Amino acid sequence: MAFMSGLWNSIVGYNEKEENWNDVSVFYCDKKKKYFSVSEIDKEAVPIVFSESHKISFNKNAFGLSYTPINFLTIYHIDTRKAEVKMPSGHIDKPVIEDNRDGTVSIKYDPREEGVHELLVKYNGEHVQGSPYKFHVDSISSGYVTAYGPGLTSGVSGEPSQFTISTKGAGAGGLSMAVEGPSKAEITCHDNKDGTVAVSYLPTAPGEYKISVRFGDKHIKGSPFVAKVTGEGRKRNQISVGSCSEVTLPGKVNDNDLRSLNASIQAPSGLEEPCFLKRLPSGNIGISFTPREAGQHIVSVKKMGVHIQNSPFNITVQEQEVGDAKKVKVSGTALKEGKTQGENTFTVDTRNAGYGGLSLSIEGPSKAEIQCADNKDGVLAISYKPTEPGYYIVNLKFADHHVEGSPFTVKVVGEGSNRQREKIQRQRDPAPLTEVGTNCKLTFKMPGITSFDLAATVTSPGGVSEDAEIQEVEDGLYAVHFVPKELGVHTVSVKYREIHIPGSPFQFTVGPLRDSGAHLVKAGGAGLERGEAGRVNEFNVWTREAGAGQLAISLEGPSKAEIDFKDRRDGSCDVSYKVDEPGEYRIGLKFNEQHIPDSPFKVYISPAVGDAHLLEVAQFPDSAQVDKPMQFYIRLNGAKGSLDGRVISPSGKTDDCFIQNIDGDQYSVRFMPRENGVHNINVKFNGVHIPASPLRIKVGKDDADPAAVHAHGPGLGSVKTGAKTDLIIDTCNAGAGILAVTMDGPSRVSMDCTEVEEGYKVRYTPLAPGFYYMSIKYNGHHIVGSPFKIEATGENLAEIGAQETSSVTVETVQKVAKSAQKQGPVLPHFKSDATKVTSKGMGLKKAYLNKHNQFTVHAGDAGNNILYVGIYGPKGPCDEVQLKHKGKNNYECWYVVRDRGEYIVIVKWGDDHIPGSPYKVEV
């Protein structure tokens, strides 16, 4: 150091003060560089000094000194790259990652290109939440308006998103901002007095938002920006209260006919939609509808498509009866601010607003409990009780339109419930494509059962049902194997003790997938129904039908969860989780950022089992009968405590079981079933489920089979707003059961269900464009294809707000297909060509008495069909004919004849003779 300093002083002749190395390095080095590469393994930074750098020339105007500086390179255990930047050109660049030593890291990047960049941040090889992040790089100099910040690219609904606008040196001009997206977003601005403006906007629904920033009526560089707002962590609750117009139906209708009637109302503009029939307090039958226009309406009431007596008839709607959301008055501070753990009340006055249904939804960090007090005078007192602080969005609609000020943004303050949340994300690759004739496999995990009680059937698109083979792959993991004979959607039913397992019946597409998305993901297993603290709880997720995408699993409750995931590489996986505290948890399953059907799942985690695992069930019956007592036995095996039993019927009613001590450690559990269907028996010991609980038993003759139910019709395709559309739910040969149809979408739909010959017709009228999801359940199980994704196009006849839900439920009767009164399988639609079948062998020309006369049939190029062989002689059919399939539609055939004479040999491929058939054979 001293030598260098002295050398320099002697060269420049400048020795007024003594320099040290820091002075020299600051004076002469353009840049000091530090290189960082951070891995998942934390190790101390080790500085290394070296001077083998490229030569840098300094002070060219003076002496042209060529000088090699000493560089400091900080090595921070180079292992795996955690971040990278994808530039607009497509090239990959490496940002600098600095560990802040406080649990956070800083990512620094010096951009070299103009345009949209993507920042990918990974931990343990997996993208962190929100990755990849997008940011826009400008190359313009100062004096121009620019914008930057996370709110320009991403956000979470119900939470403020921020960005900054820099106007330094831009001169005079008007600055304007607009946020356009699925919801109204309140914008607030704050002038920082330093040439920048801090902007915050509050999106109230997930989706894509366009953020426009204008200066002097011109878009700034990069505007409009597109921000992707997710609904992560948002909870929603909704209620609807009636305020519909009711008109008495002329004539008398008995209760038996009421179920089979179908009513619709046509407005003066021509808009026709279904309306509802109900028994009025007077005892008469009336129709219930929401008037949308003044004038004469035509009401049609039909039974099995034919007008009943006095139908159609006219009713007149007065101007003051038409529902008008603008005339609804709301009051109360609870629509601006609220408190957790308490009731927040506001009032809604609909007295001067005509007739219309009122719907309320609240979305926020917790699922706020809603209560509604109706004084029957048109004034409603509505209260909500949130459990977590934060921003809540309140949608209030009347007659399908937002009331003035809706949606309301409410800031809720107070103590939270200290619920903890854990989440993992996994990328799901598309499952291997299956073809006709290949071995197809569907796997599921059900620990603690015996494979003898499992049974599986596969129904082809043509309606042919066959038993499928079930193999135990490993302990508790089972696979259903079958070989399809045609392309299309197959139905796979898996039953345990004659009851569908969770998720069954399954959809299994042979050939290319017809659709994809979160609505085709299924989940089921004990871990989605109940769990135990301190132990691993498991459930299955099937993403095969949904295609490729990202599966996100979140668990929220009183304690943090350990979540694990095992991919079975066939479009299915099993998820396990472990929590330390008992209580109520919510398990959310999202596919490509959309909830799958029935998600989030509410799961009660019981305390650690303790002695409950010692108990065992004995003499549990296979079935039971209505109004006949059913009982089984529980052995405590030395456990000390109290035993409790409750039975839950198919309709949801709960009843106590009668428990009696029989002998020492043995108890009997007894109950009286009152209805047919699958009952769940919860048996608890010291308040904790025993290992086999809940026990499931089929009571009576429950022939309802959701696997046999199919839906078809124009109502499952593309539909138009304002136009009634329908679909048929075919319940032939599915037995009697409970049919529940639910529709989620951007608007409520008027929906009804009527009985037709082959099942039930559902009619509905969408009022707003967008995607709707129709769930069709039979006895609590989704039918194959449910939920169905339906796109509505056309004019917006009702204001779009948060997701709206409409549903209808009917108790079905047993139906049999008219074309096949006899029960049994239906032959598939074969595609074959009998002219391409060849046959050869002595048995087609000449035969010998009491010997095997043989010939072969080759149909490998003739498609799929059934081979028929018949032989007829002088005294009738021959004694013995045998066929053997040798694979790939090649057959061996031999026959034995006992009499001499002339025989006819017929060989058919399906309904058609093969070339040469019938054959004439001499014996």
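Every residue, even glycine, has its Cβ placed from backbone N, Cα and C.
Quick look at what TrEMBL lists:
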- 82-137: repeat 'Filamin' (REPEAT)
- 137-229: repeat 'Filamin' (REPEAT)
- 227-317: repeat 'Filamin' (REPEAT)
- 320-412: repeat 'Filamin' (REPEAT)
- 410-510: repeat 'Filamin' (REPEAT)
- 513-605: repeat 'Filamin' (REPEAT)
- 622-699: repeat 'Filamin' (REPEAT)
- 701-792: repeat 'Filamin' (REPEAT)
- 829-923: repeat 'Filamin' (REPEAT)
Inquiry  = Based on DSSP, tally up the residues of the repeat 'Filamin' (701-792) by helix, strand and coil.
reply    = 6 helix, 50 strand, 36 coil
Ask   = Counting Cβ pairs under 8 Å to the repeat 'Filamin' (320-412), which of 513-605, 622-699, 701-792 comes out on top?
value = 701-792
Ask   = Using DSSP, how many residues in the repeat 'Filamin' (82-137) fall into helix, strand and coil?
value = 0 helix, 30 strand, 26 coil
Ask   = How does the model score the repeat 'Filamin' (513-605) in terms of mean pLDDT?
value = 88
